[in-house]
């Protein structure tokens, strides 16, 4: 059996693939954050809670309405996205003229409240959610068993990321959005309803978090704290990629997943720290992030 | 002279003192100090409160002695827990603090209770230090400790032939202790530990890398030295990657009936774990669960509910035996009486409390049922092996409890 750096090759390939899968989650989550920050200038600390709400909404649809995973994939982003729209209209929209810090505090507080409410309602130990029957089982790749569901997560994440990137970079709507970020009064003068566009953008970012939640529900414990652990890593991903950079957050998300996977092979104790070490180095060398504009 | 704010404050303080003085001969007051809002809420919290209230009601109905049970949330912070305990002892006339999941909080409160000569009835506290190096003559550890979990699972599984282990361990004191304790019993029973992966806590959500790494060593058992959401994630992902189909057993070193229900039987079936109570163990446990059901709001009877019930009931029997006035004067005397009297309650059956405060109770090794075997939402465990009460507790001499030696 071939060894690479003293690690059996199959184990190494397996870990690389797993890193890519985790990276898919990082990419999806940081994408939503980047969209929101890029266009609204709001650091959305509620993102973890919205990810969690996505997973819970999938569970509720299954338990209370009998709607399966595929329905959840369509309905949950719409429902949770709508709660985002309401939140933006009622609260966040009042803060655009103030310092970043106010938006951060508001969204952080909202995140804590939402988590608290879910914990009171559903307890802290989590709810069961199974992998849909169509995606159960595993492929034997020779060097490892790849669960079909994990493969699906990577494909779904790639499709979502590319669609979002195309939407913002290559369509007329995206051009309006980017123009509104640069100079909102001017775009408004051309007859574009900028406040509505901003509201919908926030809703879209939240919907991305919610889809992440639905995808995560069958493989992670569905509990009120599930977003909290992920969100810290995801913020590091956004900072490394460059705040507000769509492509940056996608590439960094997948890349850091792989780096983290490799760390788990060579020195597991450091696997949670490695991303922050990279973040510190990137901040020192390129304060705007790898893909950000200073 | 116009009335000043300071006078009002003084008057308020005076009334509070008068209130406390009046409360003295009133009902015997007990406080359940537990996790009502954090990660251990479902395992303890409201169900512990229900257990203590059940004991108080049954005892009051039988003897006519008035008992009041209040509840506090320590939020898993020793400073908050210690504050509440002080307030309860000094101002509210609480005679005993019950439950205390989270060993750090338990140790803090135990020190205060000793200083004020009150009583601690630990049910949720799992650290062996509680009846070891930091034991207190005013404290009882009723339900379980990590020694019992390690022995009940490690020793019993090796004896059944599952003798090569790999650990996935949360990288902090609790995980290390579970792994070390269990390794000790595995090796003592002739088994072998092949290795361990320590993952960063609490920042890990994906365990597939560690699980695949574990499989590379070809163990018969993967021991999960973690708890709560981490444990649930490990189990879900082990099933997803087909580990169990390859014949590996998963042993959860700290898992409860709540986790089995939360995971769902299709995911959890076949898992092994140790607890000291299960609602469907015998006629008496079933009767107890039936009685307490109205207080649990549709949730399963936890070991912590049973432990708070048993400990409170035994405490009240000792108070009655001693006389309420003497019991209020000295918590130490009540605990000594509790150790002198044999225990007997529906949740745990007959038993004894040892000199260091450890209630001797058997450790039951349970296996999670398959969906086909289960006849109801709470019918999740079957008994696989029993470690006797004497064997499940750490030998008295090994604990290093200071007041035992003297």
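These residue numbers are counts, starting from 1, taken along the chain as shown.
Backbone N, Cα and C atoms are what each Cβ position is placed from, and that goes for glycine too.
Nobody curates TrEMBL annotations by hand; they come from automatic prediction.
According to TrEMBL, the transmembrane segment annotation covers A:12-35 (among others).
Annotated transmembrane segment per TrEMBL: A:42-62 (among others), in sequence order.
The transmembrane segment feature in TrEMBL is assigned to A:68-87 (among others). Long-range contacts of the transmembrane segment (A:68-87) within the same chain: residues 46, 50, 53-54, 57-58, 61-62, 110, 132, 199-200, 202-211, 213-214, 217-218, each at least 6 residues beyond the stretch ends and with a Cβ under 8 Å from a Cβ of the stretch.
The transmembrane segment annotation in TrEMBL covers A:99-118 (among others). Residues 41-49, 52-53, 56, 87, 91-92, 224-225, 227-228 of the same chain, all 6+ positions outside the transmembrane segment (A:99-118), place their C-beta atoms under 8 angstroms from a C-beta of that stretch.
Annotated transmembrane segment per TrEMBL: A:149-168 (among others), in sequence order. Cβ atoms under 8 Å from those of the transmembrane segment (A:149-168) belong to residues 18, 20-21, 24-25, 27-28, 31, 35, 131-132, 135-136, 139, 174, 177-178, 208, 211, 215, 218-219, 246-247, 250 of the same chain, restricted to positions at least 6 beyond its ends.
Within its own chain, the transmembrane segment (A:200-220) is flanked in space by residues 25, 28-29, 31-33, 35-36, 39-40, 42, 44, 46-47, 50-59, 69, 72-73, 76-85, 87-88, 92, 129-132, 149-150, 153, 156-157, 160, 164, 177, 226-227, which lie at least six positions past its ends and keep a Cβ under 8 Å from the stretch. Sequence annotations record features per position, and here TrEMBL assigns transmembrane segment to A:200-220 (among others).
Here the transmembrane segment (A:232-259) has Cβ contacts under 8 Å with residues 16, 19-31, 33-35, 37-38, 47-48, 161, 164-165, 168-169, 272, 274-276, 278-279, 282-283, 288-293 of the same chain, all six or more residues outside its ends. The feature transmembrane segment is assigned by TrEMBL to A:232-259 (among others).
The transmembrane segment feature in TrEMBL is assigned to A:265-285 (among others). Packing against the transmembrane segment (A:265-285) from elsewhere in the chain are residues 5, 7, 11-12, 15, 233, 236-237, 239-240, 256, 259: each is 6 or more residues past its ends and has a CB under 8 Å from a CB in it.
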